[in-house]
Amino acid sequence: MAAKEVKFGDSGRKKMLAGVNVLADAVKATLGPKGRNVIIEKSFGAPLITKDGVSVAKEIELKDRFENMGAQLVKDVASRANDDAGDGTTTATVLAQAIVNEGLKAVAAGMNPMDLKRGIDKATIAIVAELKKLSKPCTDTKAIAQVGTISANSDHSIGDIIAEAMEKVTKDGVITVEEGSGLENELSVVEGMQFDRGYLSPYFINKPDTMVAELDSPLLLLVDKKISNIREMLPVLEAVAKAGRPLLIVAEDVEGEALATLVVNNMRGIVKVAAVKAPGFGDRRKAMLQDIAVLTGGTVISEEVGLSLETTTLEHLGNAKRVILNKENTTIIDGAGVKTDIDSRISQIRQQIGDTSSDYDKEKLQERLAKLSGGVAVIKVGAGSEVEMKEKKARVEDALHATRAAVEEGVVPGGGVALVRSLQAIEGLKGDNADQDVGIALLRRAVEAPLRQIVANSGDEPSVVVDKVKQGSGNFGYNAASGEYGDMIEMGILDPAKVTRSALQAASSIASLMITTEAMIADVPEDKPAGGGMPDMGGMGGMGGMM
């Protein structure tokens, strides 16, 4: 086991504070509409230029191990805020730095760290409750566009395209961000339910010019097993042929004789048919088949529920207005499912999203929810170079997270004003003793830090602006982009309440733990021997007689 170095008390805390300040100073330069860029060296390719706080934080590793511990803890603050609300990483970092700096001064002055922590916790709970009171619902497209614009560093084109995407696919829809090929941002929306499985045979194609198979007003046969024997399908195929409607088969697989017979029937025009593999694997496949069944008003043919292909009738089949299959995807448009059944399925999936702790499962459930409720929108980011593309894509993703958070918990005045206004919640707040009162006062000063930093980055005097904002009330604040004072909501400067809340909670949680640190343990760096020289060759002297 490697030897350890231990630092106690003030000497350890000073090192930790130095690390906190290095990381926070790099990150906070990006805050606000006039935040600066940070350039990050990459091991290959061009350096990365970014104004994204979490991208800056992720890159920082310090040589001194004790300083690095402080930096990594603040990095954790940024990650927590990002995981919870998808944005607010820079605000969380600025708050954490302010709380740690103020807190460690109080500890050095002889205050009890545990009481300071209790005071900070008490004040945080009161401010979070006040933020919830200050928040206004965010439902209209204009407000959503404003939130997206602010989060994307005042880029109106990003805010507008996100608002348009949300309007088209609803708040439950999936919006994905991809790299585009042009200079402008583009939005494409997939209507209906799409899943990533294409036709099983190119012989199903009936539109050779676009290489797709299109079925108008089809019936859907949903089967939870492999189909290889055509005989078991004959009754249902005959019934479909009599009905004179096309048929889409969605099964675990269709192979061998069954696939060949379907192709022949399709080419001869006996039954217009197409077959596709069911999306997903294992239990997820069963769930997605059930989703398609609910959406189209059909029944999944599964031995688990006592149904077999031989006994399948037209009543078991789903209905849709149209189905389009290409090589990679299948889209079901306007399924004939009962609305109450679809709503019930949606609420069931929402419940599962709330219950699961796995990010992967959550993402897959969110996709299923979107396919049932809204649809899928793809934002293609346009840029003039690869470096600009990476930077812009990160901003679009941030803005997308921020708008989702705004729809979820509402919006508050932006530009650090909401935190300053929420101070009224702790005006008369008292702790159980004098040290807890210091903890409350400490947080009162710290929550001004984001506003101060936004003003500093815009080149103005922080103290003057903070005093003027404090003298105002309601939504009155400072627009750093234009240098004007006024109503932040009317000026379109909004922050999602969830982002502000998550930033404060993450910052006060980690910062108060750092204040109560008494010992720090790190590995002692090993002295590696200088390489390059050959080992001692002294034993070669006896070779002289070989001449």
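Note that Cβ sites are derived from N, Cα and C of the backbone, with glycine treated the same way.
Other C-beta atoms found within 10 angstroms of the C-beta of Gly415 (ATP binding site) number 26, with every protein chain shown included. What Swiss-Prot records for 30-33, Lys51, 87-91, Gly415, 479-481, Asp495 is ATP binding site.
Put plainly, the binding-site residues Gly32, Gly88 were compared by Cβ crowding within 10 Å, and the winner is Gly88. In the shown protein chains, 30 other C-beta atoms lie within 10 A of the C-beta of Asp495 (ATP binding site). Each of the binding-site residues Thr30, Thr90 was scored by the number of other CB atoms within 10 Å of its CB, and the largest score is that of Thr90.
Across the binding-site residues listed here (Lys51, Ala480), the residue whose Cβ sits among the most other Cβ atoms within 10 Å is Ala480.
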